[in-house]
Amino acid sequence: MSVLTVPRQTPRQRLPVLPCHVGDPDLWFADTPAGLEVAKTLCVSCPIRRQCLAAALQRAEPWGVWGGEIFDQGSIVSHKRPRGRPRKDAVA
């Protein structure tokens, strides 16, 4: 049996705290538009936001908040409408 030793990290070597790694991970896949907006807001200060978005686009993520953007059916949308009846008026 071998033992894996992990060197201690100094404060400068520590990885940054990422918003998606603390709290409720389901927030980034919320069912409600309000929950998704909270996740987007938390992404604003993330140090790897651009890399996260680029990786999500490359992987063709189907849904969730990635890099501060909402993905719905594989496309980036500005906001997600709540479930319910569709609009009565046609969208131009």
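Backbone N, Cα and C atoms are what each Cβ position is placed from, and that goes for glycine too.
What Swiss-Prot lists as domain '4Fe-4S Wbl-type' is 19-76. The [4Fe-4S] cluster binding site annotation in Swiss-Prot covers Cys20, Cys43, Cys46, Cys52 and rests on similarity to another entry. According to Swiss-Prot, the DNA-binding region annotation covers 80-91.
Recorded features from Swiss-Prot, shown on the structure.
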{"residue": "Cys20", "record": "[4Fe-4S] cluster binding site", "DSSP class": "helix"}
{"residue": "Cys43", "record": "[4Fe-4S] cluster binding site", "DSSP class": "helix"}
{"residue": "Cys52", "record": "[4Fe-4S] cluster binding site", "DSSP class": "helix"}
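Long-range neighbours of Cys43 ([4Fe-4S] cluster binding site) (same chain, six or more residues apart, CB within less than 8 Å of its CB): Pro19, Cys20, Arg49, Cys52, Val65, Gly67, Gly68. For the DNA-binding region (80-91), the predicted model reports an average pLDDT of 68.
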